[in-house]
Each structure stands twice: as structure tokens, then as C-alpha cells.
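S.K.: Got these off Swiss-Prot a minute ago, pasting:
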- His42: active site, proton acceptor (ACT_SITE)
- Glu69: active site, proton acceptor (ACT_SITE)
- His190: active site, proton donor (ACT_SITE)
- Asn6, Arg17, Gly191, Gly212, His213: 3-amino-2-oxopropyl phosphate binding site (BINDING)
- Asp8, His9, Arg44, His49, Thr99: 1-deoxy-D-xylulose 5-phosphate binding site (BINDING)
- Glu150: site 'Transition state stabilizer' (SITE)
Amino acid sequence: MLLGVNIDHIATVRNARGTTYPSPVEAALVAETHGADLITMHLREDRRHIKDADVFAVKNAIRTRLNLEMALTEEMLENALKVMPEDVCIVPEKRQEITTEGGLDVLAQQEKIAGFTKILTDAGIRVSLFIDADDRQIQAARDVGAPVVELHTGAYADARSHAEQIRQFERIQNGAHFAGDLGLVVNAGHGLTIHNVTPIAQILAIRELNIGHSLIAQALFLGLPEAVRQMKEAMFRARLLP
């Protein structure tokens, strides 16, 4: 199983004081050195954390691959074609939200998403759609030509009872298997921590997890190398469980 380390909140800390540090590039290189299989960045329309220059700098510095999260806008499409990341994950975006609140509604935007997917695919960029684990959305993702889906794990991570967490887990598990049966590559992420990652990592249909906020929070106490190492180890051990 692959680990994508999201470095958005390295930029959040930097921007809080308007300084040049901590460096997203340095964070990306440290994460790679200590187990990250890819680096994920979300260039939001309001540029609240990652800036345009960060994306170019990280793309040019890393040895693994860049997964660029972006909204379904012409501006972001143009940026992606300039940066040329290995992967683009199209996500829903609202300016007033603190973080991404739900999955992309592919059903409601099939024509536009299909157009973006074709343009990016023709440019050699693999497209992923960040969606809820809903069979209709998963089928729509396949219909628009996206080869990859990233299942939104936020409801699982935020569940306030064990019963609700189990319900959300089963939804993700079923969605992952359905997507896999359709021939889609399945990733997952949002809200995952060292404490809740194991069940998700046990779903064999899921190939990659993208994790950011909790890793950066852990890094405040453990250091980024150890935070990445522990997450990677937790994912590895989960795969060994019956």
C-alpha cells in the first residue's frame, strides 16, 4: 500500500507569519526520504496554504511523484497543464469551508468532468476523482473516463460512535470493492490518523492513502521523519492482519 503525504499544512504554518519557512519543498524531501511514496498538494482557489510557486518548486525537487489536488475550474486546469504533475485529483471546493467537506458530485457535472479528464489524460496526467463511497458516483467516475477514484474517508474518521464508524467503514469497503470490480484504481483519504488508519489500510482493494493534517500534527511532537515512518509502519502492519 502506498502513502501519499499531504504537505498543505506545512504551508499553513509558514503563511501564519508570512515567512519563507517552513519550506514545503524541504518537507516533501524529508517525507520522501522516510517512506512517502508520493507527495500530495492542494492548490486551492483562495491560495490559503499552498501557493503556485510551491507546486512548481516541489514538482521540480521530488524524486517520487506529485499528486495535485484541484477544483474543477479553468484556472486550475491551466495550472495543472503548466505544472504537469503525474496525478491530478479533482476535488469539490467551497471558499468558506475549513477543509474539503464531501465528495465531488460527478453525476451532476458529468460533461464538464469528462472534458477535463480527457484534456488531462491526453497531456499524460492521470486523473483521480475525490468522491464519496457511493455506487452511483463510482459508476459515474468510470463513465467520464477517470481511471482512479479517491474515496472520501471523512465520515468514517469523524464518526462519533463505534456503530457509526463501522457503518461508514463498511460503506468504504463496499465502495472500494465495487470500484475495483469496475476496473478503477482505488485510493482513499481525509481525516485519517495513526489511530484510525488500520481498518482502512486492511481493505485490499485500496492501493493508496493520502494523509496530511494528522501527520503534520504528529510531526510537531515526533518530527516529520518519525511521523511518516510510524504511519507507513501502521499501514504495513494492517496489511498483515487477518
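Just so you know, glycine gets a Cβ as well, placed from its N, Cα and C.
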S.K.: In terms of DSSP three-state secondary structure, what is the assignment for Glu150 (site 'Transition state stabilizer')?
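M.R.: DSSP assigns Glu150 (site 'Transition state stabilizer') to strand.
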S.K.: Long-range same-chain neighbours of Glu69 (active site, proton acceptor), Cβ under 8 Å, sequence gap at least 6?
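M.R.: Sequence-distant Cβ neighbours: Thr40, Met41, His42, Leu43, Val88, Cys89, Ile90, Val91, Phe130.
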S.K.: For the 3-amino-2-oxopropyl phosphate binding residues given in the record (Asn6, Arg17, Gly191, Gly212, His213), what is the largest pairwise C-alpha separation in angstrom?
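M.R.: Result: 25 Å between the two most distant Cα atoms.
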S.K.: Neighbour count first, Cβ atoms within 10 Å, every protein chain included; then name which of His9, His42, His49 tops the list of recorded positions.
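M.R.: Of His9, His42, His49, the one with the most crowded Cβ is His42.
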S.K.: Going by DSSP, give the three-state secondary structure for Asp8 (1-deoxy-D-xylulose 5-phosphate binding site).
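M.R.: Reduced to three states, the DSSP call for Asp8 (1-deoxy-D-xylulose 5-phosphate binding site) is helix.
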S.K.: List, in sequence order, those binding-site residues among Arg17, Gly212, His213 whose Cα sits within 10 Å of the Cα of His190 (active site, proton donor).
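M.R.: Within 10 Å Cα-Cα: Gly212, His213.
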S.K.: Report the nearest neighbour of Arg17 (3-amino-2-oxopropyl phosphate binding site) in space among the recorded positions His9, Arg44, Glu150, comparing Cα positions.
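M.R.: It is His9, whose Cα lies nearest.
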S.K.: Whose Cβ, among the recorded positions Arg17, Arg44, His190, His213, has more other Cβ atoms within 10 Å than any of the rest?
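M.R.: Max Cβ neighbours within 10 Å, all protein chains included: His190.
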S.K.: If I restrict to non-local contacts, at least six residues apart, and a C-beta distance under 8 angstroms, what lies near Gly191 (3-amino-2-oxopropyl phosphate binding site) in its own chain?
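M.R.: Listed in sequence order, they are Thr153, Gly154, Tyr156, Ala157, Asp158, His213, Ser214.
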S.K.: Cβ distance under 8 Å to Asp8 (1-deoxy-D-xylulose 5-phosphate binding site), same chain, sequence separation 6 or more: which residues?
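M.R.: Listed in sequence order, they are Met41, His42, His49, Ile50, Gly212, His213.
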S.K.: What's the number of neighbouring CB atoms sitting within 10 A of the CB on Gly212 (3-amino-2-oxopropyl phosphate binding site)?
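M.R.: Gly212 (3-amino-2-oxopropyl phosphate binding site): 23 neighbouring Cβ atoms within 10 Å.
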S.K.: Show which residues of the chain containing Asn6 (3-amino-2-oxopropyl phosphate binding site), separated from it by at least 6 in sequence, have their CB under 8 Å from its CB.
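M.R.: Result: Ile39, Thr40, Met41, His42, Gly189, Asn210, Ile211, Gly212, His213, Leu215.
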